[in-house]
């Protein structure tokens, strides 16, 4: 449990650091180099790049904040469950009743718990699932966009060719060797590492997004899937998606704002409210 709590502290710090570095690289290196023009200070291509980048990052950070600000904890629980040392449930959660779980990391009872997200430091459940999915979508988009811009910068600044599909398989090991031999600068080596970080985070976020969308459409949570259980509130895929994304889901695709009414405190009341 101590390792999980440590991870709960390290993961958000890693996210904040990666975000700051990404902003710095885009505005201090990538934008001035790739979109520079001798005629005007700011050209249409630069404005388009800045707009796209800020839109993607703004939505990623906005949904990240909304995921944290809308916890799925139960407001009606006054007694904190105590698990025995030989508790058969997973190490990070203990199943109670009616779709409720006690998270051993959060020390809270979570309504319709899906999983504990270490990057946000809280559990994903009925109230913040929409924001978590949109956070995953925009995080993957931001990272993959940064990957493309980073490749363009390395091509322009260091004449690295990415025409060969095998370049990504050899770039990191070769750059590591060249760096320790003193053949490339620390900045170039750092940028190569960032390419792989963006690629890794982007692909993982895409995987999370696809998994969560599938589970939401089936009306199932990750906790239920692991135990081979069907949802206690199973409905049609359209109703399940509406429960999470709301009737104004189109707005939520572009702006990190609430698009579904929730009745905090009790999942059964919330579910009955949504299906009245």
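Every residue, even glycine, has its Cβ placed from backbone N, Cα and C.
Given the structure is predicted, the values throughout are model-derived calculations rather than measurements.
With respect to the membrane, Swiss-Prot annotates residue 159 and residue 215 as residing on a common side. Of the candidate ranges 90-110, 111-131, 132-152, Swiss-Prot annotates residues 132-152 with the feature transmembrane segment. Annotation note: residue 117 (active site, S-palmitoyl cysteine intermediate) sits in a strand segment as assigned by DSSP. Note on residue 117 (active site, S-palmitoyl cysteine intermediate): other Cβ atoms within 10 Å of its Cβ, all shown chains, come to 21. Beyond its flanks by at least six residues, the topological domain 'Lumenal' (31-45) meets 149, 152-153, 156-157 of its own chain at Cβ-Cβ distances under 8 Å.
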